[in-house]
Amino acid sequence: MNSTFTLRLLSRGSKAILQQRPIITARSISILKNSRSANPVKITFNGIKPSKLNQLNQVRAIQTLDFGGVKEQVHERSDWPKEKFQKLFENDTIAIIGYGPQGRGQSLNAKDNGLNVIVGLREGGRSWKLALEDGWVPGKNLFNINDALSKGTIIGNLLSDAAQKELWPQFTPHLTKGKTIYFSHGFSIVYKEETNVIPPKDIDVIMIAPKGSGRTVRSQFLDGRGINSSFAVYQDATGKARDRCVALGIAIGSGYLYETDFKKEVFSDLFGERGVLMGAIQGLFLAQYEVLRERGHTPSEAFNETVEEATQSLYPLVGENGMDWMYAACSTTAQRGALDWYKPFHDATKPVFEKLYASVADGTETRRTLEKNSSPKYREELEEELREIRESEIWRAGKTVRSLRPEAKNK
């Protein structure tokens, strides 16, 4: 997409800077910016105008937002300042079981927020060694899984989905009346017929599902920000599950919390990962790259026009300003082509997405995940699949292109 942008655009959320001919006037830029606000997000605080808000302890910081005509309530971090959730959890021990990306990020954040957090892991394993490097102390806040489960009043089951199925029998003796178990994914609960993860009726069962990787959960916390998360209450035995769920969501690093239920979370999560977040995007990248290469374009040109410009220039702008803004700000040639071709792509791919959603809803994706990830040869088979992608021409070309970025040269 040559000379697409006619503005000098700086994406605050990225390092992308696009410099092209400045042929759009300041007045045009103003019009473009204003055009984004044709349907502005309407914000109230439980029906109260922001100017009328009193102290935090008098009016809860729960925003009612209009998402394209549908109103939803969103909980924000100021609803649970640190002193408030520390008081709520002052008599609790939060036992995080698992130290993958989510377990690591959430446990470190909650500990840094002043909560009594312990981690339960298999002694001597890779995660145990990583936890030691992160400063967890055996016998103080690092224990084997059984010991951590016995000590926890709030238990975070942040193991992989396959491991949750395998290790669930270790959990059940420790899930005594009044305790809380929380998940960051609805998988094991929703597909209980396959996982046999069935909590007792006299405990709270909640979910806090960050909308990003565990690395992002941690990095945004360290930057003083907070990640968007979904939350849900599956079982409220104590009558306090909802408040404790939202407060814990803030404590582990969420900035905003959107309510859902376990089923909707797991369906949308599995669908998104297999779709445009990961699966579909690799398929689209590869298809476009192959067509360009088969018609004589060089690897560098094909990669730049397929991946590099998308990820480094355009996608950050879409994330910051919206697709309509990007279309409005690009050259007329790119604009016309994008407007003409997104509909054929929509029509061609929607049946694939419908098939994918059906595969999620009927449990096919769950059975496939559990079967593959429980295989004794899981690591070897996974590495072979990743090696195929890693050694494909598109991503070998990408490695070279990435090495030419200014930040790579400055390392």
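Going from the start of the chain as shown, residues are counted 1 onward.
Each residue, glycine too, has its Cβ placed from N, Cα and C.
Note: TrEMBL annotation is automatic and uncurated.
Copied over from TrEMBL:
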- D269, E305, E309: Mg(2+) 2 binding site (BINDING)
- D269, E273: Mg(2+) 1 binding site (BINDING)
- S331: substrate binding site (BINDING)
- 70-260: domain 'KARI N-terminal Rossmann' (DOMAIN)
- 261-408: domain 'KARI C-terminal knotted' (DOMAIN)
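Across the residues of the domain 'KARI N-terminal Rossmann' (70-260), the predicted structure has a mean pLDDT of 95. Local packing around the Cβ, expressed as the count of other Cβ atoms within 10 angstroms, is greatest for D269 among the binding-site residues D269, E273, E305, E309. With a 10 A radius on its CB, the residue listed as 'substrate binding site' counts 18 other CB atoms from all the protein chains. If you take the Cα of E309 (Mg(2+) 2 binding site) and the Cα of S331 (substrate binding site), they are about 15 angstrom apart, rounded to a whole number.
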